[in-house]
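Copied from Swiss-Prot, the annotated features are:
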BINDING   264, 267, 299, 306  [4Fe-4S] cluster binding site
């Protein structure tokens, strides 16, 4: 299946391009109190090393806003301020931040939005219209309830409001906590505008539930060419948000990066400690950003076939096994020596590619 992405307008968040032909970026949001400068910077740095492109922070009051200014000066990543209820905080933060997210359901009057637009326009920073099914404006929820129809009405109303103010650096999100409704919301809005979309399932839950919901919703949309930036929302799992997001991009075939591990589910034919080997391989290869296919198989039934499509592979047998690189056996070793040799071949493969580039 050929992947064809919907062509959107391009905006810029700090040094990250979103939309157009830019790669799909991965975002996360801190769970620190923003006034905790040291703690916030610690989480930002963790996200930076995990492979995030953009970070969002909550701003509840002026103490948060002043702290955010200091955090921004030290952050290795572009920062977006997340504003609810108090538009004055958005106006203040627009002086130094890379982007503003507003919730139309609680930001207040048109005059409030005008002030935010004016501040962002002067700085040349984008605004995300963050539609959330749980906080739709009363004028739309009274008429349509809290479903997708109300979300679409809110989105189009707020897009027009910004456009009428001659503001077009816009990004849009249409988040619900339900995978099917999220897919429907983005699909129905896509033909109605050409602004970049920020994908996400809101309040998706802990690691297990979030991974399932986000994979269904985001993977489905990405395969249809919808989406320019994304977040996998996960309760209390910063690095895992990035890891799962990157895996969705990779396994949907949209964006290749990092290691793709092929491993068998195990059965009665296994005569080795495959589970321990897989855990070691996952941990030792998670730092690799180069697109790489590796295979760790427990017996000969599918091992050699999988190895032909892998850059580096292990085929375990009884007390011994093979290390295979690009379909060629490079070593036959005792089981205790296999993983170390395999990892050495993986690192050598990464280095050899770097030299070629």
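In case you wondered, yes, glycine gets a Cβ from its N, Cα and C as well.
Annotated features, which come from Swiss-Prot, shown on the structure.
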residue : record                        : Cβ within 10 Å
264     : [4Fe-4S] cluster binding site : 19
267     : [4Fe-4S] cluster binding site : 9
299     : [4Fe-4S] cluster binding site : 20
306     : [4Fe-4S] cluster binding site : 20
Relative to the mean position of the Cβ atoms of 264, 267, 299, 306, the recorded [4Fe-4S] cluster site, which additional same-chain residues have Cβ within 8 Å?
265, 266, 269, 270, 297, 298, 301, 302, 303
Which state, by DSSP, holds residue 299 ([4Fe-4S] cluster binding site): helix, strand or coil?
coil
